[in-house]
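Asks: These came from Swiss-Prot, pasted as-is:
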type    : residues                                    : note
DOMAIN  : 1-159                                       : domain 'Obg'
DOMAIN  : 160-327                                     : domain 'OBG-type G'
BINDING : 166-173, 191-195, 212-215, 279-282, 308-310 : GTP binding site
BINDING : Ser173, Thr193                              : Mg(2+) binding site
Amino acid sequence: MKFLDLAKVYIRSGGGGTGAISFRREKYIEYGGPDGGDGGRGGDVWVEAVDGLNTLIDFRYQQHFFAKSGQHGMGKQRTGKDGAGVTLRVPVGTEILEEDEETVIADMTEIGQRVLLAKGGNGGFGNLHFKSATNQAPRRANPGQPGVERTIWLRLKLIADAGLLGLPNAGKSTFLAATSNARPKIADYPFTTLHPNLGVVGVDGTEFVMADIPGLIEGAHEGRGIGDRFLGHVERCAVLLHLVDGTAEDVVADYRTILTELQAYGGALATKPRVTALNKIDALDEQERAEKAAALQAASGFPVLQLSGVSGEGVQDVLRAVRRRIDGARQAEEATDREDTSWQP
């Protein structure tokens, strides 16, 4: 899946400082001549791909990035100080787009990659530059060049093979933390997860990327809760892992709530390959496990796996099932691509 996280950002490079109009004034020197220094250069605006980030959430709280302008020139041929630049730190996989959200300025695909977004203005010349044989005392200096101001979009594309679905507090983050190197926030209350978390999951010598999607509630496709903004991103997953809280009073109702949201959202979301699992079985006795798993299987029409993200019971079986579905989905996609690219007379 490709998570698209958009952020609108306003940037402005620094303007150049104005050149100085100044004359040498020293004792016993009657005609000192011009000594005005140049203005400092304005700061640049850069974007850099860094490690350790997987979201553009920081740009939600700060949208304006302005570099400093260069200082004005001074007497005694002193050049003004250059303005400080600004660097936007973004995750790898971020696209930089023009204001139209279509034209790509840069694609940040490697750690350490830097791209200049707005160049600072040059500083203006001081009057020292305008001295000539016919004008020994010029009273002229150049203003600095203005900075560049523009509006850009940042669009993050993170790749995940499988997405975790479930109601809030279904144990998705615990499962991801138990099976991968991800460390999502975990607590015993709903909506602990506020944005997707990615983790690399290993099983039987193979790896795939799994995303923990914020919990969905009834009416999420209409904008309720916090899951509506992620339903479109889940649509791009190859496989969905639907975790149902085994401690819930009615597991079938919980299952159908998520299924209804997928169907109401439209598209191919409801028909996407899906693995259903009964979670938190460590809190159930054998009879409760069997009854709830049977009810869930009858409602879904597919085999239902059982697991506990806390104790680890059944986790490997679930991962293997997800791995098989991912392989099947990729093979089907490759077959479709071959059909699309086949020559037609």
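Each residue, glycine too, has its Cβ placed from N, Cα and C.
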Asks: Between Ser308 (GTP binding site) and Ser173 (Mg(2+) binding site), find the distance joining the two CA atoms and give it rounded to the nearest Å.
Replies: 12
Asks: Quick one: give me the count of other CB atoms within 10 A of the CB of Asn169 (GTP binding site).
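Replies: Within a 10 Å radius of the Cβ of Asn169 (GTP binding site) lie 20 other Cβ atoms.
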Asks: Taking the Cβ of Lys280 (GTP binding site) as centre, how many other Cβ atoms lie within 10 Å?
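Replies: The Cβ of Lys280 (GTP binding site) has 23 Cβ neighbours within 10 Å.
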Asks: Among the binding-site residues Ser173, Ser308, which residue has the fewest other Cβ atoms within 10 Å of its own Cβ?
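Replies: If we count Cβ atoms within 10 Å for the binding-site residues Ser173, Ser308, the smallest count is at Ser308.
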Asks: Please compare the binding-site residues Gly166, Lys172 by how many other CB atoms fall within 10 Å of each one's CB, and tell me which has the fewest.
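Replies: Relative to the other binding-site residues in Gly166, Lys172, Gly166 has the fewest Cβ atoms within 10 Å.
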Asks: Please report the DSSP secondary structure of Ser173 (Mg(2+) binding site), reduced to three states.
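Replies: In the DSSP reduction, Ser173 (Mg(2+) binding site) maps to helix.
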Asks: For the C-alpha pair, I'd like the distance in angstrom between Gly166 (GTP binding site) and Ser173 (Mg(2+) binding site), rounded off.
Replies: 11
Asks: Check the domain 'OBG-type G' (160-327) for me and report the mean pLDDT.
Replies: 77
Asks: May I ask for the distance between Lys280 (GTP binding site) and Ser173 (Mg(2+) binding site), taken between their Cα atoms and rounded to an integer number of Å?
Replies: 12
